[in-house]
Amino acid sequence: MRYNERELLCLARQPAEKAAEILMRVPKKGSVLKKRLVKLVVNFLFYFRTDEAEPIGALLLEHCRITKEEENVFSISFIEEPERKYCFECDSEEQCQEWIEALKRASYEFMRRSLIFYRNEIQKMTGKDPLEQYGISEEARFQLGTRKQ
């Protein structure tokens, strides 16, 4: 995916779907848990030092696995780079579960599956393809079976 730094910083300043200060460990050798402000905006997870306004990093939540590790701990690893694993420790089990659910809903794959599901439901109810009016009903990305489900 292509993006420029200014666009990414602009996105980081947008209102978050979810944000909190939690402990985080990056996949560097010798890395330790550090308190970070973590902010979910669309399908990017930004992380900041708690006393700074600019993010120190961003994770694009595509082709990744969100995994429950321990009671209050979850991780994000990337399918094509499984050794690139970020760990997060929450204050409670409930907060951990909320983050896991929010991160899973933020991926393009989840949004695509949801769009296809609702497209089919609308088509069953109305007999019309809701994407037809936009001229995109035949695009491969909106078809079942064109990507791994």
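Cβ coordinates come from backbone N, Cα and C, glycine included.
Listed in TrEMBL:
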DOMAIN    15-108  domain 'PH'
Mean of the pLDDT scores, which run from 0 to 100, over the domain 'PH' (15-108): 93
The domain 'PH' (15-108) - residue tally per DSSP class, helix then strand then coil: 14 helix, 48 strand, 32 coil
